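Here's the structure, in structure tokens; my notes come after.
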């Protein structure tokens, strides 16, 4: 049960933060955000606030922000169509009743001659059984009512297409950006919890009963040499100690301005089928706020480069598709991580957040990176590509991604049941 709760929380947080970025910058740009969704498929929860419908959907495979103009408008008023009109206190059309007009006895029923809800915001038509041509001004926040469901109209200046290239690009990039910011924040929190590992070979906690304690090493000692070999980092020091099980080595140590030479014999232990040396010391940790904030950025950067390297290896064939993990594989790893404690769970969440940000920036149709390519094409060409053509490309890309998801999930399931 703990794993289920942890997985739902982690998935919800990563998707929520990502889509929140899209939503915030859509609203900042003046775009009409019709829906903010966590998950895909049938709605299991919905709540409307102002212009936006907030939903949680059944399938936990992502989320989306539906911005007016990104998809063709589903309701179109054609000449000859009979509609009902309801007006606000200023005499402007507030609701356009598309069907079931009998349920709106106060609506004024007209026959449409022409409707411009993009620019002029007017509807021209005739009262039923009348030849007098009438023009009605439409409120920019008016609603269509179809099957008793309300959908706000989207004047052109509220649509995605009407915005400048920088605003479009920022609204798309904001999702991955928020994932990177979340990772930075989590690593900063981890830094405040435990501290930041010191790169130098500085002694942290010394375990009693181990060779380091018996040799007289102290917390704060800095190792500069092992058997006259210069040591530049904690990793260098660990490698040297592990390479000398049951062999005495001389440590050149800096302590309070003095230089000491301390002999120590690492214990021999078995680890993953190898015999390595161990002296019973932990790495030192830095607790200054400046270093902790720096740690948040450097860890996120290093993870990003690692993930990009892995993507490159996938493209060049150095890694196979079998190395990918889908929702089932991520759940399995989450189960293992949860057992090791809250600190490691936060680390895992930060890693997945960076992963989500990087993957979404790949220049593939249906991903944010693919959409950014189209915006870049618009910037170079001076006008956007045909929305219908772009929609087809993204639809095909989404279908291929779903196919990949099925393959990866099948591999995850096979790994679970293969000894």
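Backbone N, Cα and C atoms are what each Cβ position is placed from, and that goes for glycine too.
Unlike curated entries, TrEMBL annotations are predicted automatically.
Copied over from TrEMBL:
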DOMAIN    195-268  domain 'PDZ'
TRANSMEM  6-25  transmembrane segment
TRANSMEM  172-193  transmembrane segment
TRANSMEM  342-362  transmembrane segment
TRANSMEM  391-410  transmembrane segment
For the transmembrane segment (172-193), the candidate among 6-25, 342-362, 391-410 having the most Cβ pairs under 8 Å is 342-362
Per-state residue totals over the domain 'PDZ' (195-268) - DSSP helix, strand, coil: 14 helix, 30 strand, 30 coil
Cβ under 8 Å, sequence separation of at least 6 from the ends of the transmembrane segment (342-362): give me the contacting residues as numbers and ranges. 6, 10, 13-14, 17-18, 173, 175-177, 179-180, 182-183, 186-187, 189-190, 193-194, 299-300, 303-304, 307-308, 311, 330, 333-334, 368-370, 372
